[in-house]
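Chemist: Residues annotated as transmembrane segment in TrEMBL: B:26-48, B:89-106, B:118-140, B:146-169, B:176-198, B:218-237, B:268-294, B:306-324, B:336-356.
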Amino acid sequence: MTPCLDIQSVCFGYKTRPVLRDLSFTLDKGHILGLVGPNGAGKSTLVRIVLGLLAPGSGRVLLDGQDLRGMTPKARARRIAYVPQSAPLSFPSTVFETCLLGRTPHMGSKPAPRDLQVVENILTRLRLEDFAFRLLSELSGGERQRVMLARALVQETDILVLDEPTSALDIGNQLFTLRVLSEVVRERGATALVAIHDLSLAARFADRLLLLNKGQVEAHGEWSSTLTEASLRDVYGVNVEIGMVRDIPMFAPYENR
Amino acid sequence: MTSNMQAAHTAATNAESYRRAGRIKVLVIAASFVGLLLLAGSVAITGISETSLGTLFAVVVEKLTFGAVAASVDQQQARVLLHLRLPRVVMAMIAGASLSFAGVLMQAITRNPLVSPYTIGVSSAAAFGASIAIMFGVGFSAAGLYFVPLTAFLFAFGCAILVFSMAWLRGMGGQTMILTGIALMYLFSAMTAAVQFVATQEQLARVVHWTFGSLNGIRWDAVGVAAIAMAVALPLAQLKAWQFNALTTAGDDVARSLGIDVAVLRGLAVFLSVTVSAVVISFTGVIGFVGLIGPHVARLLIGADHRYLLPFSCICGAVLLLLADTLGRIAFSPTVIPVGIVVAFVGVPVFLHLVLSRRSEYFS
């Protein structure tokens, strides 16, 4: 596999508190990398560094061999798209308008017919076509999260960075959303970094997992070698029993009695 | 197969609906601009000395053709139109447009619907500048004619630079701008009060009059300066309209991930909104509320896409101020109520209505 994003010994700290300590890993073409770890492990900080929104304290992030911080914002936006955990609501804007924003790095001052076409296709794909002219504020949290994903897919990048894309979704929509994401990654030969709390979904949809603990890589690889009962106890501080239901890994945390 | 075709059909309709909505919005803007000009014309001929639209038309044509087409109208009426009514009416439109436009920009970069150019302290800084100019100034001598507006403008701009540098130190965030602005607003208000405390009766009257902005005695040179400011600012902002959409809808991080330099965008928006609003209020005095209501009414009617919202909010602001000034002129004629007071009386109920009736995305 060709590495697409190469994260090389990245460190980061706010003031004196270190958040990330000497992180190195690669994101490979056609792969989804699941980023798991407890609250405060540094997942969101890592996401922002990979997006180029935050400069690492030391180390660097290479995109096809080129330093991410040396690229123009527009060039970066053509390669990396971002799905935030939640969207701020401020002024009334429709689903179609919101998704069309994903075309920003590709268009001049106004959208071309092709831009509208891309939005249509993605809306249909995420089953949002009937919501096209509803206001964002009128949607449920889950629908809104799907709109955020739609906007990122509309951007037509080969790297997708998602921060908790399923946190507000019901189980049906969680499955549907991650299914679409993995299809898109395969089709485009793209790569995705998904920060996610649900270990079962992570194990199921990610090709590789990165278990982060206190800003350091605890384990990296296939889910079965990453999420072991020992590593989960270390990192999350609870006992976890791992079982298989219909070949799907399930994680049941329990407390010692 | 059938469901595929259905999906394709719905999809085609969505893009077409979006395009059609865009065309309708352009038509609405064009039609309301024509409406604004008609309103301005009819307002210009109302007042103590009544004239007709025909007279107005003849006078305007004569001026625009530099006298080539001479107007055969009553010279007294022509003078009233040219030197009293027209500059006042045109200034009402430009002032309303400028303040409303500045409001849209400030609300966009702070992502806060309750912000207006005044929130960042521009008006109270201008008021303080005007107050000390009136207190220590050279008065209405020929050389001092621009003294008060110029001082007001310099203070408004200095205040904006302060807010701007504070925000810059803290990474150009929207919240920092609001908080710094409000703090400075209180500071300048306190300093103005201090100045009023030591002012003579006559100075005090002038300071108070200034703080209730009015269009009395507006001259063509003021109109010209304000018009030039808008003529430069509006196209510049319009170029960035799509970026404002991204910032308001998606927030800082997503906007940056879309390739937008958010810090530069904020800087440009502050510069443009402060310039146009400071220019206007240095000539008219403080006219509140237009910068808050204009954007809201416009957004309600035409949506939040800044490509349409920016020009349309100018029209809404212009109509609002034109109506308020006319009301102030004719309600207790011959006494003229300053437009700043009328706007507040008309604007507060309208605004409260908006607060109570708006959907949850506002004021949440």
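Using the three backbone atoms N, Cα and C, a Cβ is placed for every residue, glycine included.
TrEMBL: automatically predicted annotations, no manual curation.
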Chemist: Test of understanding: applying the rule of at least three C-beta pairs under 8 Å (pairs 6 or more apart in sequence), is the transmembrane segment (B:176-198) touching the transmembrane segment (B:306-324)?
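Modeler: Contact between the transmembrane segment (B:176-198) and the transmembrane segment (B:306-324): absent, because fewer than 3 Cβ pairs are under 8 Å.
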Chemist: Under an 8 Å Cβ to Cβ limit, what residues of the same chain, 6 or more beyond the ends of the transmembrane segment (B:118-140), are close to it?
Modeler: 106, 110, 147-156, 158-160, 162-163, 177-178, 180-189, 191-192, 195-196, 198-199, 203, 206-207, 210-211, 270, 274, 277-278, 281-282, 285-286, 288, 291
Chemist: Need a quick answer: max count of Cβ pairs under 8 Å to the transmembrane segment (B:268-294), which of B:26-48, B:146-169, B:218-237 is it?
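Modeler: Looking only at B:26-48, B:146-169, B:218-237, the most contacts with the transmembrane segment (B:268-294) come from B:146-169.
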Chemist: Which residues of the same chain, at least 6 past either end of the transmembrane segment (B:26-48), have a Cβ under 8 Å from a Cβ in it?
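Modeler: Sequence-remote neighbours of the transmembrane segment (B:26-48) are 55-57, 81, 85-86, 89-90, 93, 301-302, 308, 311-312, 315, 318-319, 322-323, 326, 329-330, 333-334.
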